[in-house]
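Below: one structure, written as structure tokens.
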Amino acid sequence: MPFSNSHNLLKMKYSVDDEYPDLSVHNNHMAKVLTLDLYKKLRDRQTSSGFTLDDVIQTGVDNPGHPFIMTVGCVAGDEESYEVFKELFDPVIEDRHGGYKPTDEHKTDLNADNLQGGDDLDPNYVLSSRVRTGRSIRGFCLPPHCSRGERRAIEKLSVEALGSLGGDLKGKYYALRNMTDAEQQQLIDDHFLFDKPVSPLLLASGMARDWPDARGIWHNDNKTFLVWINEEDHLRVISMQKGGNMKEVFTRFCTGLTQIETLFKSKNYEFMWNPHLGYILTCPSNLGTGLRAGVHIKLPNLGKHEKFGEVLKRLRLQKRGTGGVDTAAVGGVFDVSNADRLGFSEVELVQMVVDGVKLLIEMEKRLEKGQSIDDLMPAQK
């Protein structure tokens, strides 16, 4: 748990060598960047809310690596963190986001009409489609650093705003503290709710403090539009449904997200955003669009093929296990989504998923017949 602010002056009594973390066995982006010299340069800085370098890196110190994905190993505690600790964050962002430079500008496109196709992904292979993003409310600290009062204020504000949604987005808020364990587990199993805070990344960064205080889920009546409140980000906005109509999912996502932003503005709150980093979120891996468009897809043959990883890489896609980031694939079902978040617009990322998934299905059909997929190998996108 972060506690460095109160101890930062105490730490200064010890030399840089005494305080520098042992990163010798680490495989994360932070550990690649944080040299002794950089630690020395940044260790006495803090943001105006008191977030320090040790708060930024603690999750990456405590979690050397991950078997399935290269983790980032650092978090922001407020909007200022990305500026105050830019000498650490900029190279991490460049490394994680495919060479995104400190001078680059991000683009946003939430017009679902610009998406080509996507309403006809084969439902025999695509079990469900989902698009999610995160949003942070300007003026509050982020989850690794916010106080109980801030968290409760974010919950109150969000529930009031979401309560104004109408039509097929009309819904209700369910606070975690009012749910039984069984109700919570059912929502988790149905992929509607975030897991209980057992992930070491959540725990070490301090995001799980005071759990389940001021956490909850808001969803519309048919559970196709959901908002998680106060998990890894202030808000996680999710549009999802069974089958392969990604166009419908993305259209609902854009409509709902735009309405939510308007409702917050009417209360004089805006989302954290800047021209360079796009939407500001807790984890540097989610900067930019914060968008992950994913499908649960059955690929029992391609999933075992030696070229599966290379195909995904060329399509700028990534795979996760069936149950999400910390899990393995079950029954040949993978969670396949865009690998990028920053430097591409929302429409461009969903387009990559739609086009890529069509090719994956074509390859799977070939392999079912025992045929080669060599001529289908895509060029690098």
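Easy rule for this one: first residue shown is 1, then count along the chain.
Any Cβ shown, glycine's included, is placed from N, Cα and C.
Under DSSP, residues within the domain 'Phosphagen kinase N-terminal' (11-98) fall into helix, strand and coil as 42 helix, 4 strand, 42 coil. Swiss-Prot lists 11-98 with the feature domain 'Phosphagen kinase N-terminal', giving sequence analysis as the kind of evidence.
Under the heading domain 'Phosphagen kinase C-terminal', Swiss-Prot lists 125-367. Model confidence over the domain 'Phosphagen kinase C-terminal' (125-367) is summarised by a mean pLDDT of 93.
The ATP binding site feature in Swiss-Prot is assigned to 128-132, His191, Arg236, Arg292, 320-325, Asp335. Sequence-distant neighbours of Arg132 (ATP binding site) (same chain, 6+ apart, CB under 8 A from its CB) are Arg236, Val237, Ile238, Ser239, Gly290, Leu291, Arg292, Gly294.
DSSP assigns Thr282 (phosphothreonine) to coil in the three-state reduction, placing it in neither a helix nor a strand. Among the features that Swiss-Prot reports, phosphothreonine is placed at Thr282 (among others).
The phosphoserine annotation in Swiss-Prot covers Ser285 and rests on a curator's inference.
Counting every protein chain shown, the Cβ of Thr289 (phosphothreonine) has 29 other Cβ atoms within 10 Å. In the three-state DSSP assignment, the secondary structure recorded for Thr289 (phosphothreonine) is coil. The phosphothreonine feature in Swiss-Prot is assigned to Thr289 (among others).
Summary for the recorded positions Ser128, Thr282, Ser285: the Cβ-based neighbour count within 10 Å is maximal at Thr282. For Arg320 (ATP binding site), the number of other Cβ atoms no farther than 10 Å from its own Cβ, over all displayed protein chains, is 20. Cβ neighbours within 10 Å of Asp335 (ATP binding site), excluding its own Cβ and spanning all shown chains: 22.
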